[in-house]
Amino acid sequence: MSSDQEMAIFGEAAPYLRKSEKERIEAQNRPFDAKTSVFVAEPKESFVKGTIQSREGGKVTVKTEAGATLTVKEDQVFPMNPPKFDKIEDMAMMTHLHEPGVLYNLKERYAAWMIYTYSGLFCVTVNPYKWLPVYNPEVVTAYRGKKRQEAPPHIFSISDNAYQFMLTDRENQSILITGESGAGKTVNTKRVIQYFATIAVTGEKKKEEPTSGKMQGTLEDQIISANPLLEAFGNAKTVRNDNSSRFGKFIRIHFGTTGKLASADIETYLLEKSRVTFQLKAERSYHIFYQITSNRKPELIEMLLITTNPYDYPFISQGEISVASIDDQEELIATDSAIDILGFTNEEKVSIYKLTGAVMHYGNLKFKQKQREEQAEPDGTEVADKAAYLQSLNSADLLKALCYPRVKVGNEYVTKGQTVEQVTNAVGALAKAVYEKMFLWMVTRINQQLDTKQPRQYFIGVLDIAGFEIFDFNSLEQLCINFTNEKLQQFFNHHMFVLEQEEYKREGIEWTFIDFGMDLAACIELIEKPMGIFSILEEECMFPKATDTSFKNKLYEQHLGKSANFQKPKPAKGKVEAHFSLIHYAGTVDYNITGWLDKNKDPLNDTVVGLYQKSALKTLAFLFSGAQTGEAEAGGTKKGGKKKGSSFQTVSALFRENLNKLMTNLRSTHPHFVRCIIPNETKTPGAMEHELVLHQLRCNGVLEGIRICRKGFPSRILYADFKQRYKVLNASAIPEGQYIDSKKASEKLLASIDIDHTQYKFGHTKVFFKAGLLGLLEEMRDDKLAQLITRTQARCRGFLARVEYQKMVERRESIFCIQYNIRAFMNVKHWPWMKLFFKIKPLLKSAESEKEMATMKEEFQKTKDELAKSEAKRKELEEKMVTLLKEKNDLQLQVQAEAEGLADAEERCDQLIKTKIQLEAKIKEVTERAEDEEEINAELTAKKRKLEDECSELKKDIDDLELTLAKVEKEKHATENKVKNLTEEMAGLDETIAKLTKEKKALQEAHQQTLDDLQAEEDKVNTLTKAKTKLEQQVDDLEGSLEQEKKLRMDLERAKRKLEGDLKLAQESIMDIENEKQQLDEKLKKKEFEISNLQSKIEDEQALAIQLQKKIKELQARIEELEEEIEAERASRAKAEKQRSDLSRELEEISERLEEAGGATSAQIEMNKKREAEFQKMRRDLEEATLQHEATAAALRKKHADSVAELGEQIDNLQRVKQKLEKEKSEMKMEIDDLASNMETVSKAKGNLEKMCRTLEDQLSELKSKEEEQQRLINDLTAQRGRLQTESGEFSRQLDEKEALVSQLSRGKQAYTQQIEELKRQLEEEIKAKNALAHALQSSRHDCDLLREQYEEEQESKAELQRALSKANTEVAQWRTKYETDAIQRTEELEEAKKKLAQRLQAAEEHVEAVNAKCASLEKTKQRLQNEVEDLMLDVERTNAACAALDKKQRNFDKILAEWKQKYEETHAELEASQKEARSLGTELFKMKNAYEESLDQLETLKRENKNLQQEISDLTEQIAEGGKRIHELEKIKKQVEQEKSEIQAALEEAEASLEHEEGKILRIQLELNQVKSEVDRKIAEKDEEIDQLKRNHVRVVESMQSMLDAEIRSRNDAIRLKKKMEGDLNEMEIQLNHANRMAAEALRNYRNTQGILKDTQIHLDDALRGQEDLKEQLAMVERRANLLQAEIEELRATLEQTERSRKVAEQELLDASERVQLLHTQNTSLINTKKKLETDISQMQGEMEDILQEARNAEEKAKKAITDAAMMAEELKKEQDTSAHLERMKKNMEQTVKDLQHRLDEAEQLALKGGKKQIQKLEARVRELEGEVESEQKRNAEAVKGLRKHERRVKELTYQTEEDRKNILRLQDLVDKLQAKVKSYKRQAEEAEEQSNTNLSKFRKLQHELEEAEERADIAESQVNKLRVKSREVHTKVISEE
């Protein structure tokens, strides 16, 4: 807490900003018990203070300050903060943070008129509802440049922090001033703009335009003047606020690079134009209408043809017409001057007033209905003439366009008659359109004027949006305003609670995410998302027949009951009807949708718009020049073909677009939040309603903001910046001369400082601090700097003093020496020898002098030569300096160009960021739409499910509704009776109120007369007493202030001297830095020279490497040519050898012939000789050629060896050069690192010195201005003191005379005791009126301080007089009599005193004028000093620019160095490549030798392949042997069958004999058998039908499965691998299928055999003459057996069908694998043919077996065998089904993986929008890895399948071996018996499954039937519900109509 002296700079605002030192000490010493002092919850006051009396069983008894005793729960008691935290400035510092603590802190500060309070990271302000002196100019200067913790909370502090952040962080800032309507947002916005206009003035007067003779102010004046103009046209009185902004504005104040004002612009949002034509009772229209009618400028009344009575104009008089807190006359003057300052021309100004007046006249236009027609006609033309005159229109055309507008019908235009209502609505729409367009045009003109075209870098945006509104009648405007506030609150919540915590997570700080539950997304989505309120409204606007009712119904259908934030309001008595309610963050608002469609479409009369476009009033024509009328559109379509709907944009769509732009702007800035609070609803100063304030605190997230500030780390700074700024705290912690990471340096530095280590955390890039710790570090840094500076000053002063002392000592010694010599000379002066010495001495020295002259001439000549040389050098240096200056200028131009390019790049970057944000928003909208669609689908399905449940409930509801209807009718009658009684009581009360008001008026009139008499006398007395007390007080104040000013002046002079010394030191340090910079430049030049040398070396080495590469290539080409020559020589040599062999062969043949011939002729001998000679010649040639070839080969080998040796030497040289370059590279790196570190230290030192210079310059300028002001004040005060002392004597004499009069008057005031209270109230009102007058007087004369003090003294004297009035009750009669006598005598004296006072007042005015003149001169000096400061700032900026240029040079050098590094690496790579090529050439030399070895390897591989082929042949032979084995087995089976055949034939013969014997008997029972047969056939037919039905069902299932399998086969190429697995199984399946077919045929034949057996058994029974009963039993047994056989046949059929299905499934795979199968089975064709032959033999034998009747047992056994085979088939089928199920599962898994991959791909695409190509590459690599894993898995599966096949083959071989073994026959028979038992159990299971399927079928049909019945019942119930709804609506409408 600062002392009272520190607060003195705030002037009279100090007590309103911070509590005094005395109050703080009292609070600390106040007794306080922390255990018993608490806040307790209380129903009326929300929370009250109290003390705990007792605690029992979770209950606490508390005694409140009012004396009441409350017993509450533990959680309703909150501990109180200690007294030192009373009125604390930052609530985040409180010990106990809870709602009552925050509430009472705000309340106590508000009671002391401290309206600003910090709440963590933002500021809370409470509306005082009165004027406070906290915005004076001295307050602005006091806050300038102050840190947040150095000054009390204020809107100026927030503004200055934003300004400083903008300068330091180089980031755009925004100040968001939010709160409910009437909370003070507009006032705070004005103060922010005032602050920026004051502290960041440009200092340049704006040039006046030659065209307009109007006065225009500076840019800061124009920015300030924009507010009064916009408030006049955009602000109005509402229920909650006298000056409510009815539009939103975002004011951007742009600053240049130096922080000076550059320009400004204003964006406005959603002007409430409906207020132009309609206001509620307690409201009024825009201020401008009432300013014009205030008659402050009578010329406006005449020009606009209006009266001064607002009630003459219905558009502006529907509510109130005056506001107590607004002076419309003064505001008109302010508005008019603002128009002039903002540079509007006189013509534009007149047009603004004219259009405003025309809007007023529009409200008086009257129309009537024509007789016998519905059309409207004008009811008089006077008003229309005025409106048309003001708009420069023809009144007849205007009325015609209103009553008979032209409408397009087809391709023609016709005039259409309008009704009175339509014309009235059209007039209102035109008035609103004219006003709105004029307002928007004014905003664009203001922006044009504020755009000064100066360079601008950053901006601070101030947002002032209409506050949250809850009125009795809330329309579309309120929805838009509340929606804007909802979005801003969501932005605040996201910024404060979400982004802050995400920053912690991103930086790696340990942090648990806190959900504060402040998400407003539900309400925002309800309004703005697809199918939200705005979406439905815009959709309805597109339909021509849409109405408010259809809009309401759509809202109810879409959101009622589905969204928690959307409700249907309950009808309230006495209030306007509401159609729906929305739950906003600030409360529930009831909205009325009447007229929303028209408001949203905003239709205009095109004919009138066309008249406006042709108006002679340029402004009006310009306003509507962009509007597209119907006729213009038609013309446009003929010419250019403009689309119809392109210009149609609804109000809500435009509003959302502007709001989205605003949110985008805010997201791109660093926001500062100011939360405005309404203390009470009655606008009473000083009063605070607890519940209202608590509601706003909860909604605004104040407590949550404090919590995140306390728990989190709101301050953060980069490691490098922290190290640079706070290194001074402990320089020894960071070692000098060695590199250390910024993070480690920061950790060491913080560890070495004595602070709490839990108050900060280290992130990845920043260090984070708790609230307040950074301020503590700043204080420690300031103390350390002050300590260092004082030490430096002390050492400097000591050094200077020692130097001065040494000079003094030397001077003293020299004086002593001179004195001694003079004394000695005086003693010997008259001595004769001395005289002789004086005469001879010069003669002796003449010779020496000549020598000295000669030496001096030589030295002179030398110096002359040196001077000439130095002159030549100087000229050279001057020339160099000129060139360097040119280079410097060029570099500066380059820097400027690059800065401009950088600015353009930043703009492009901003645009890209905006487009990115827009695209993200679009993506988000699309995703949200998709989510909405999914939710709608889910809701529809839920509805469908609920319908069945609701059907049963609806019947109950119908009964309940009937009962409730009866109850409602009864209640209706009761309420009607109550209403009648209440109306009668109201009438009686109205009569009594009227009587009371009459009596009250009479009493007030009587009372007023007495008060007037008393007031006149009191005024006279008060003037005299005030004058005395004023003068005495002035004398005392002047004496005290004079002494203070003298002290201040001395302090200022000392500070000035100190600052001048500091400035000199800073300048010297700057010079040192410049010297260091020059040295660095020289070093850089040296490095550049070295780099150029290195570059030349590298280029030489590159050229050498290229030459070597060329040589290598030439040698390679030469080697290839030589190899080709060698090959050619080898070929020619081979040819020669061949020719030689041929010739030798011919020679031998010829010799043989010669020998055979025995003799030869001489000719033949000669021929032989010739041939031999040729042969010898050819042999010699051949030998010479071989020798030549060997010589050339040797020469080539030698050359090649030489070239290899040369290449080796060159490679060694290159390696040596490489080593040298690497050494130089490392040295260069070290030097570069040294330079970089030097540059960093220089730049840091430069930055620190620049900051010090800026602060010192600011302090110097402030001290100069303060010194001049103090000097001026001292002079003025001394003059006033003398003058006032002379006047005080006269006043004292007059006061003595008047005191006697006062004593007489005081004795006569005792009779007014009964009227004291009334007098006090009237006196307070008078005091308020005098306050207002005093404020106006102070503002006009710029003399606020003195007159305010005088006024306060007057108030004190009045209070004393009031106390005197209360005592003087008994002397009223005497007072009246004395007053009548004395008043006549004292009138003359009073008139004389009045004259004297007038003279003194005139003198005082003259004195004020003189003071004003002095102020003007001081202003000029101030301006001159400011110019000097700006020049200094320009110099600093130049140095900054030079430093930036050097930095840029350094960066360029770094880039060049990096390029050379890259080039070096490339050359290194090329050198390595050349080495590799040399090595490859060396290897190629040995290729010829290795070719033979490779051929040997190939031979070995061929041998291995041959072995493999032999192995395969052996495998095939083994397979053939296996086929032979199979043939052998089949032959054995054939033998067995032939034996069985012989046995069967023998039995057959026996059977035929018995058959012939029994044929006669068969005829008798034939009839009975036929009957049995018919029954059996019938049953079989029924079973066949059922089987067919099942078969069809199974066929359908099979077809569906087949389609699925086909799709799976088509979709996957992986099935090819599975086909390999199925190849072996397919062959077996074919065998099994054929076997099953044969078994089925055998079963059929067995069935027939059983019939024969039945006949035989019956014959045997007749022969044995058994009874009829035995025959029947046998028949029954036969029937059962037949049934069993039939069941077996059905099972066989089922298995056959299953095998057929599996065969169909396998056929598709067979087709694909047929080619490979044919290749593989070509060797097995012979075996298959033999197998077929055997199968045909078996079938023949089986055909013969059909005739056998007696071998039933063998047939049954075969049937059992067939059954076992079928079981095996079933098992194999089951296996196949398992494999298919496995395939299905694999398919599903693969589909799932495909979906996952697709999902990942979608995510990757989304991430690609954010992450870019790197993320895509990562995902692609991941996909490739997954694909590789899938392929490896598939390979493993294929290998497993191959192994499985091998194992299956091995198993088959083993089974064949076991079948050959005869010993296992018995075991196999036992196995067959067991299998038969299993088959029977399988039969039973199949029967049970069939029965279960039948029962399931029946259940399914039953359920389907029930479902259909339920749907029918639901349809019936739904129709009944609709009927009931219609009935209930009818009843509801009846009830409403009856009410």
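A Cβ is built for glycine as well, from the same backbone N, Cα and C atoms used for every other residue.
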Select from 291-313, 659-681, 981-1003 the stretch of residues annotated by Swiss-Prot as region 'Actin-binding'.
659-681
Which stretch, out of 933-952, 1153-1172, 1713-1732, is listed as region 'Disordered' by Swiss-Prot?
1153-1172
What parts of the chain pack near the domain 'IQ' (785-814), using Cβ distances under 8 Å and only residues at least 6 beyond its ends?
728, 1061-1062, 1065
Roughly where does the domain 'IQ' (785-814) sit in mean pLDDT, to the nearest integer?
94
Thr64 (phosphothreonine) to Ala183 (ATP binding site), Cα to Cα, whole Å, comes out at 31
Check: min Cα-Cα distance from Ala183 (ATP binding site) over modified residues Thr69, Ser625, Ser1096, Ser1261, Thr1501 goes to Thr69
Based on DSSP, tally up the residues of the domain 'Myosin N-terminal SH3-like' (33-82) by helix, strand and coil.
3 helix, 31 strand, 16 coil
Applying a 10 Å Cβ distance cut-off over all chains shown, what neighbour count does Gly179 (ATP binding site) have?
25
Under a three-state reading of DSSP, tell me whether Ser181 (ATP binding site) is helix, strand or coil.
coil
Looking only at Thr64, Ser181, Thr1501, which of these recorded positions has the biggest number of Cβ atoms within 10 Å around its Cβ?
Ser181
Environment of Gly179, Glu180, Ser181, Gly182, Ala183, Gly184, Lys185, Thr186, the listed ATP site - residues of the same chain whose CB lies within 8 A of the CB centroid:
Asn127, Asn241, Ser244, Gly467, Cys676, Ile678
Spatial neighbours, same chain, of Thr186 (ATP binding site) - Cβ under 8 Å, 6+ residues apart
Glu231, Asn235, Asn243, Ser244, Ser245, Asp464
Nearest of the recorded positions (Gly179, Glu180, Gly182, Lys185, Ser1096) to Ser1261 (phosphoserine) - Cα to Cα:
Lys185
About how far apart, in whole Å, are the alpha carbons (Cα) of Ser1096 (phosphoserine) and Lys185 (ATP binding site)?
70
What's the number of neighbouring CB atoms sitting within 10 A of the CB on Gly182 (ATP binding site)?
22
10 Å Cβ neighbour count around Gly184 (ATP binding site)?
24
Secondary structure of the domain 'IQ' (785-814) by DSSP, residue by residue, totals 30 helix, 0 strand, 0 coil
Whole-number answer please: how many Å between the C-alpha atoms of Ser181 (ATP binding site) and Thr69 (phosphothreonine)?
38
Using C-alpha atoms only, work out the spacing between Gly184 (ATP binding site) and Ser625 (phosphoserine) and round it to an integer in Å.
38
